Amino acid sequence: MAAVHHNPIIPGFSPDASICLVNGTFYLVNSSFHLYPGLPIYMSSDLISWKHIGNAINRPSQLSLSRATTFVGPLDDGTELVATGGLYAPTIRHHNGITYIICTNVIHGTSNVLGDERSEQFFIHTTDIRSGSWSDPIIFEFPGIDPSLLFDDDGRVYVQLCKTGPEFEIYNSEIDITSGAMIVEPTLIWTGWKKGYTEGPHIYKKDGWYYLLCAEGGTFEYHMLSMARSRNIWGPYESYEMNPLYTASGTTQYVQNTGHGDLFQDLDGQWWVVMIGVRMKEGRSIMGRETFLTSVDWPCNGWPTIKPITCDGNLEANFKPEGQDPLAASWVYLRDAKLDRYHMQNNRITLKSDLVEITSADESTTFVGQRQRRLEGTATVTVSKPQHSTSVRAGLALYKDEHRFLTIEYDFHSQQVIFNGINRAKLYSLSEIENVELQDFVSFKINYTETSLQFSFRVDEAAWHDLAALDTALLTDHDFTGPVIGIFAIGDGIAVEFRDFEVDAVQSQETRV
Ligand code: 6LW
């Protein structure tokens, strides 16, 4: 398969990709953290064009994201970490007509101290990945993250995990894939090559070897892929003498922080790898961690060589956005969304307001949006003045988590347009307020490029008015999540009608910031 793909293959918030081939079609899953529905599934028949077909966690009864809160604070080395809980690093595998996803729900404690989190390991399965009907989670015990599955030739099923703690190390166990029971105590199999944040394990069986692929260095500037192999799944594992297998660390390439990958073969036997990277422009990586694809040369009995990731000017060319379809898989809510608050029909969305603020760490504010997919674009929406109550605020947000967001809203009580820019990880806060009377409706607009953001509004038929301009560096942190652009309504239960909500519209020359 001589694919000429365009990186990133999944633009926007799409970390920790895992991929498998089912009946000639590739299916890819990403981490989704605090977003509901969780575990987005993308499909491609050629590795070139990709479509978001659904989400594996798509019923509130499957699991709770109410403790998918975000830790902001310093690590031992003094760097600031922004770690959101929820759904981390899934692995997708297909075996005997069943597709499995194994994953961790990271449940933060109420103290918001790092280390106070609990990890709930689970897997789900389906016999028809296109149908979107996934099982309820089957939970199994292990204190860590990043589970992976290997279906061995002899019928045994192995699970690999990263045990977190002061050290991050790789464990292996045998699992009963129907009940989730561990058949063998999890056993330490590798501590890593660099031995710092050894995580994201996957084992592949090839030419009688068990090859163990890991991420190391942490998911930011020292991120890398490393490899070890053994004739026996339990080890001992011999580290590849040319490690790291792949890293962008120490280079000036546009695609940085590369690591946490998954290897796979196409129908022609060609090897490929999907991995995390960020597009880094002058210290800004506005989309967060995205999914990149590159080819791999893996000779018999030898070690793989990963081709350098290319990221050309034709960005996002083959990713199909789903636009306004109210049934599209791409709509996202925060944590345990109360879905009866949302009504979508054609280009109208009615939100039932709630008193939960966008700063809430565990409750679900009335918010619905889409992942930002383009580096440059415009997001717009028009909000109608509610008929009966005025104690409601409604607007447009660029949201990463409860500590880091930019909002422009209308307060129907004080009759003010309010902009708030908050990043608690950078101790940043900016507010702009204008008194504005309106007759019928107010429209909001965000113009964004890789380096700049501009927030504007217009009332009724008046001209657009700019309220705030910011540098996108404000939202680049050592974080796990990416940007979602959405609409919200905060108030005492009154319904607010939005229309013509659009994200990632291509900017005209005049509106470019
Ligand atoms: C994930 C870990 C990682 O569990 O970041 O980049 C963590 N790798 O393997 C959160 O996505």
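Yeah, the Cβs are placed from backbone N, Cα and C, and that goes for glycine too.
Nobody curates TrEMBL annotations by hand; they come from automatic prediction.
Copied over from TrEMBL:
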type: ACT_SITE; residues: ASP16; note: active site, proton acceptor
type: ACT_SITE; residues: GLU199; note: active site, proton donor
type: DOMAIN; residues: 325-493; note: domain 'Beta-xylosidase C-terminal Concanavalin A-like'
Rounded distance in angstrom between the Cα atoms of GLU199 (active site, proton donor) and ASP16 (active site, proton acceptor): 11
Neighbour count (Cβ, 10 Å) for ASP16 (active site, proton acceptor): 30
For the domain 'Beta-xylosidase C-terminal Concanavalin A-like' (325-493), mean pLDDT (0 to 100): 95
